[in-house]
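Student: Quick one: structure below, then a few questions.
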């Protein structure tokens, strides 16, 4: 049994896994916990104390300040082992970028799982606080793209202006808005989907054979209707499991 934490800027996904199969998955606010005891109490309310005690912890985090919380948690309530995902600790893939250590752990997990399950040629689009596009070509990670996420753009308009409202993160059916809300949704959601389609189409030209396009993250379903590909909501979590398996086997 493993306890997985996918720590994002806004939300944390926590899941239990046995032999790579995910179950009892929850999405909580990243601001919900600031100490190992707060984290334990919160998890106990979800899983029960005996379930989460004495097992290994795997963490994919883009919030480095919380790493110490997971270290203390693993030592106090787990088996003392916490595995932090990093590209520099996974050598089954060549990371052909300038600074591999800077690559976000969530993106590392996405690439690992895509390589394991979909093959050597993949474009992975992850819709979180930021939208990331990652390029796997011939089994080599070639780099990618970072864009503002849907909610981030909507919040920027709301906070940066005096009169624009905070609108729902939802695509608009059309490209000419008749009111302020539809104008904002077109200018943020629809326009970003168009940008993603443009970027993916141009990246695809770099391949000799069509790559597998994978959508993951909270708003993946919005874009799949416009940018062809498969939706895989648990891609990051399974990448964490594969990372753990590699680390465990290399330590044997």
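Cβ atoms here come from the backbone N, Cα and C positions, even for glycine.
Per Swiss-Prot, the features are:
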ACT_SITE  106  active site, proton acceptor
BINDING   6, 7, 8, 9, 10, 11, 12, 13, 129  ATP binding site
BINDING   104, 105, 106, 107, 180  substrate binding site
BINDING   126  K(+) binding site
Student: Fewest other C-beta atoms within 10 angstroms of its own C-beta: which of the binding-site residues 10, 129, 180 fits that?
Tutor: 180
Student: How long is the line from the C-alpha of residue 105 (substrate binding site) to the C-alpha of residue 129 (ATP binding site), rounded to the nearest angstrom?
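Tutor: It is 14 Å, counting Cα to Cα.
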Student: Is it possible to get the count of other C-beta atoms within 10 angstroms of the C-beta of residue 106 (active site, proton acceptor)?
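Tutor: Residue 106 (active site, proton acceptor) is surrounded by 27 other Cβ atoms within 10 Å.
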Student: For the binding-site residues 6, 8, work out the Cβ neighbour count at 10 Å and name the residue with the minimum.
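Tutor: The binding-site residues 6, 8 were compared, and 8 has the fewest Cβ atoms within 10 Å.
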Student: Whole-number Å only: compute the distance from the Cα of residue 106 (active site, proton acceptor) to the Cα of residue 12 (ATP binding site).
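Tutor: Residue 106 (active site, proton acceptor) to residue 12 (ATP binding site), Cα-Cα distance: 11 Å.
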Student: The residue listed as 'K(+) binding site' to residue 10 (ATP binding site): how many Å between their Cα atoms?
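Tutor: The residue listed as 'K(+) binding site' and residue 10 (ATP binding site) have their Cα atoms 14 Å apart.
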Student: Suppose the ATP site is 6, 7, 8, 9, 10, 11, 12, 13, 129. Which further residues of the same chain have a Cβ inside 8 angstroms of that site's Cβ centroid?
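Tutor: Nearby residues not in the site list: 30, 62, 63, 128.
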Student: What does DSSP assign residue 10 (ATP binding site), in three states?
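Tutor: Once the DSSP labels are grouped into three classes, residue 10 (ATP binding site) ends up as coil.
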Student: Could you find out if DSSP has the residue listed as 'active site, proton acceptor' as helix, strand or coil?
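Tutor: Going by the DSSP assignment, the residue listed as 'active site, proton acceptor' falls within a helical segment, counted as helix.
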Student: Please give the ATP site's span as the largest CA-CA distance among 6, 7, 8, 9, 10, 11, 12, 13, 129, to the nearest whole angstrom.
Tutor: 13
Student: Can you give me the same-chain residues 6 or more apart in sequence from residue 107 (substrate binding site) with a CB-CB distance under 8 Å?
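Tutor: Expected: 124, 126, 132, 134, 144.
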